[in-house]
Protein chains: 2
Amino acid sequence: MSSQCHPEQGKRSQDDYQWRTDQGFGSRLLRPCRGMYHDVKRRMPYYWGDLREGFTYRVLSGTIRIYFINLLPAMAFQLDMSYNTGGFFGINEALLSSALAAIVFSLLSCQPLTVVGVTGLISLFNYTIYDIIKIYDVGLYPQFMVWVGIWAAIFHWMIAIFNLCDYMRTVTDFSSQTFGFYVGTVYVIKGCEELSIGFHDGQISNGFASALVAILYFLTVYLLEQMGQTTYTRTWLRTFLSDYAYVIATVWWTGFTHFPGNLAYAHFEYLPTTRPFYPTVDRPWVMKFWSLPVKWIFIAIPFGFLMTVLFYYDHNVSSLTAQARNFPLRKPAGFHWDFFLLGCTCLVGGVLNIPLPNGLVPQAPVHTDSVTYYKVESVVIETKNPDEPSIIRKTTTAESVAEQRISHLVMGLALVGTMTGPLLTVISLIPRAIISGVFFTVGMGSILTNPILTDKIAFLLRDPKFRQPSDPLNTVPRRQIWHYLFWQFLGFATSIAISQTVAAIGFPILITGLIPLRWKLLPRLFTRRELEVLDSLTATSEVVLVSLGGKPEMPEARRDLQMKQNRQSLEDGSGDVLEGTLKNDQGDLRQRK
Amino acid sequence: MSSQCHPEQGKRSQDDYQWRTDQGFGSRLLRPCRGMYHDVKRRMPYYWGDLREGFTYRVLSGTIRIYFINLLPAMAFQLDMSYNTGGFFGINEALLSSALAAIVFSLLSCQPLTVVGVTGLISLFNYTIYDIIKIYDVGLYPQFMVWVGIWAAIFHWMIAIFNLCDYMRTVTDFSSQTFGFYVGTVYVIKGCEELSIGFHDGQISNGFASALVAILYFLTVYLLEQMGQTTYTRTWLRTFLSDYAYVIATVWWTGFTHFPGNLAYAHFEYLPTTRPFYPTVDRPWVMKFWSLPVKWIFIAIPFGFLMTVLFYYDHNVSSLTAQARNFPLRKPAGFHWDFFLLGCTCLVGGVLNIPLPNGLVPQAPVHTDSVTYYKVESVVIETKNPDEPSIIRKTTTAESVAEQRISHLVMGLALVGTMTGPLLTVISLIPRAIISGVFFTVGMGSILTNPILTDKIAFLLRDPKFRQPSDPLNTVPRRQIWHYLFWQFLGFATSIAISQTVAAIGFPILITGLIPLRWKLLPRLFTRRELEVLDSLTATSEVVLVSLGGKPEMPEARRDLQMKQNRQSLEDGSGDVLEGTLKNDQGDLRQRK
């Protein structure tokens, strides 16, 4: 799928942040701040343009969409955290964290398309730590969390300074799609958990009514968004319905639950809010974290480290998918600088004891998508057989992306607005059922459009008679596709399993581990040709990879090259047969069969 | 769409039951029993084959499907009637009626594919009569209904004897699709009413839980049936899931409502049953109908007449759609004989005071469809442009229909089995929510596949850029398509409106009136070409039309012919210009623009 070449063989761009494959960990440590310096230098010239270009209609509709799909899950995760941490995190904390992150990242980051906010994983992380601390002394939790944030900030800065985000260039669909699938599933599970809470305390009718509203909300958004894919009605109406699907569905179903009659007897539960701008529990915004016993400050180190691993993967993969190869981007990325900035928000968030924000996985690519200009055309495909009428096909091409800071910034300001009294009252009108609906919508949206499902599983399940002959998967043995999926599902299933236990804290190691697995193990199990069909770098655009030191050489390509060299030296009568060469020959044989 | 020719010009078949356009009402009355005689004579030779050919797998799966979509709505209509007639009609009456009709029609009718049972319209009819009788003396209701049945039987026999079913050959898509849309909508409305009953008496949690189950049931059946349309999995598995969609969904969701925990607290309502084989209210099967005051016997005449008009349309349109032009039928139809038989079941049903059975409109074509052998093929469409890969398209062709009596007969026997004690107990496990689900499924199935929606409205709503150039609707001015739909919606809307009032009793006149409207008015408003694109005879197969005296000459074709003759005589200098000629010329001009 992607053509491989040595970065040093390609045309050397004017940018001198380039690494060769043989320049590993060591050489990165030796040049501190080099990545950040180049990130800022590269992006700076675009800054005013980023602001000026944000005043278009597409950006407005994108802003509204991202506001809804950021705000509603954030409140949901807050409910989840609140439920699991004895009410410590409330709606004000979630809103403050989201707003802080959005304003800082929209104004100061190199990648303003990567929306930042409160994720499900941080919620999982926070209450798993709560479960652990509870074993000793639950009163230590708030101060302990401050220290986890401080340590995380320090680790973030170190990663940014020593250019370690570079390794993100090795992220392929293998891990990013597995992670997307995992996060989508976590959303759906959270939606169900949220619904099951509706049944507590004998509130059976609230439970059923909420389940009903959540499912209808999901169907409404889903059908409205699908509308954009059809060829019905004019383009502007299709786009309108699809752009404002969340707004329409939220207003409609919120109104529905306020109907009189039987609906009133259901006693829907609504979102709990407290007085604006104050922490939910009775505490100052900054707690006396310095009074934590020294022992606990040190215990916080591994937790801060794990949080850093989580964000290293989660935030950077958000940026990668928000800048994935299907978006025609023109402005340079900046992973190192953004990760440094994330360290700063960790510090502030930690000190204020709010959930730490980071890149939103299913939402970030949705944000880029909603500010992308698509050209919709009808293509007439003439058929060879004159009796067969020609076919009209709808093609949608991404023409350009409104790469700007305004949608992210306005979303942040809107979140600040939401923290004020009057808008908090509006929030309190939204039934909790809609939160479940949003979970289903965002989660299923991420699952149903995941290429694991739409490409590979769809290919395997399709009746062989109806396979499109042009599909490159036809050239890979079916067994190898299953084999490839097996590794993805293994990663997915272990992540899901661990998330349900107190070991959830170790989950970032597991998910990040998928990258070396792909890099070290898979080339031994698959031929180069198979991997080129099955997998590809998540972001291939030069403007994205430039921040990470250029396009990496894929291990399977390197192996292939090695093999050729060995063969050459064999012919020259001077080399040994390496194990790798044998492996590759076997692969080639298998393919020929 | 259909090529028109004078029936007398076409090749004269060996069958001598043929009518010319100039042989109207009078000549039919003069040859009593001619239609029935030919129906039986034509179909008799196939009788043993009808039984022998019924022992195939396709018939088995068709039987199971039709059993479910006949039984569940029948019980639903019974609940509806029971609720609206002070509990007079119960489940035993509905089952007896369905079983009686199915056994009689499967063994003795000429058109065994037309499944017969308890419909929503008879339920509407019965409780509207109840509402009227209630004004005078509610105690008269049972005997009065017997007499309505007796009079209806007499009218049925007269129609059969005097060959009046012949007029059914003039039924076009204009009225049959409008009727399909109407019945589908009635089903959906009934589904909603049934759900709203779930909320009565403060049973809020039953109400919401039932709504939830009904919607999920609908989605389950819908998605399983859609599975058959996809290209996923092998043909046998796709077909299996689609064939047994109702069974799978009914078993699953019935089981679901019996789960312990929160679901048990919902207190689902289940189907009420009484002891087997006895009438629901304490009465003998045959009531002393002869003791009804003579005045009331005469008052029953117009009601019997209206019931006859209803069945004339409803039953015959069921037969037409069950034998519509998309099914490749080989065995002759027999409308006259079947209508005579329907008179007999009216008599028996009337005397036993059970709801009178007749042809089931949305179910009859589903039955034919489910015993049709479809050939699924992949067609490779080569494209002219060599860069464009060739396209694989799935084509489904109806190869043949298992035209047999077994599926209908076994369904009838299964209904008798259902009347026994043990199976009545199984029935009582089914929650009423599933009945609503069946209403939604059958109703939405009828609406969503109705060509009014899938062809015409889809065409009008489609973005003009994406219209298939081969679509014949392109040749009709858009304004005329809207105009045509206007008449269909007028018929639909007035039928829906009248069904909600006590005037519902007159509804058959309204729906039957669509046939002369199409025949007399539409040719004045549309050109021949337009009508040929917009409308067509519902059944065009020769084996079907043979029972109705051959293919009719369409009025627009006759008008066209007249015009040509006039033009001819004008050229000969001897004729007048008729108004119709002018109209047609205008139409031609408009088309040329």
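Positions of Cβ are set from backbone N, Cα and C atoms, glycine also.
According to TrEMBL, the feature domain 'Bicarbonate transporter-like transmembrane' maps to A:31-199 (among others).
For A:55-77 (among others), the entry in TrEMBL reads transmembrane segment.
Positions annotated as transmembrane segment by TrEMBL: A:89-108 (among others).
Annotated transmembrane segment per TrEMBL: A:114-132 (among others), in sequence order.
What TrEMBL records for A:144-164 (among others) is transmembrane segment.
Annotation source TrEMBL lists transmembrane segment at A:204-224 (among others). When Cβ-Cβ distances below 8 Å are used as the criterion, the transmembrane segment (A:204-224) is approached by residues 191, 195-196, 198, 241-242, 244-246, 248-250, 252-253, 256-257, 263, 265-269, 431-434, 436-438, 440-441, 444-445 of the same chain, each at least six residues removed from its ends.
Per TrEMBL, the feature domain 'Bicarbonate transporter-like transmembrane' maps to A:208-537 (among others).
Annotation comment: TrEMBL describes A:236-255 (among others) as transmembrane segment.
Annotation comment: TrEMBL describes A:294-313 (among others) as transmembrane segment.
According to TrEMBL, the feature transmembrane segment maps to A:334-356 (among others).
Residues or ranges marked as transmembrane segment by TrEMBL: A:406-427 (among others).
Positions annotated as transmembrane segment by TrEMBL: A:434-453 (among others).
The transmembrane segment annotation in TrEMBL covers A:486-519 (among others).
Residues or ranges marked as region 'Disordered' by TrEMBL: A:555-593.
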Inset, instruction - Please work out whether the transmembrane segment (A:144-164) lies in contact with the transmembrane segment (A:294-313), by counting C-beta pairs under 8 angstroms that are 6 or more apart in sequence and asking whether there are at least 3. - result: yes
Inset, instruction - May I ask which of the stretches A:55-77, A:114-132, A:334-356, A:434-453, A:486-519 has the most CB pairs under 8 A with the transmembrane segment (A:89-108)? - result: A:334-356
Legend entry - Contact ranking winner - A:236-255, A:294-313, A:334-356, A:406-427, A:486-519 against the transmembrane segment (A:434-453), Cβ under 8 Å: A:236-255
Legend entry - Sequence-remote partners of the transmembrane segment (A:334-356) [C-beta within less than 8 Å, at least six residues beyond its ends]: 35-36, 38-40, 42-43, 77-78, 81, 89, 93-94, 96-97, 100-101, 104-105, 108-111, 114, 116, 118, 122-123, 126, 142, 145-150, 152-157, 159-161, 163, 165-166, 168, 279, 283, 285-287, 289, 307, 311-312, 315-316, 319, 547-548
Inset, instruction - Report, as numbers and ranges, every residue of the chain located at least six residues beyond the transmembrane segment (A:406-427) whose Cβ falls under 8 Å of a Cβ in that stretch; write 'none' if there are none. - result: 51, 54-55, 59, 62-63, 66-67, 70-71, 75, 91-92, 95-96, 98-99, 101-103, 105-107, 112-113, 115, 271, 273, 275-277, 367, 371
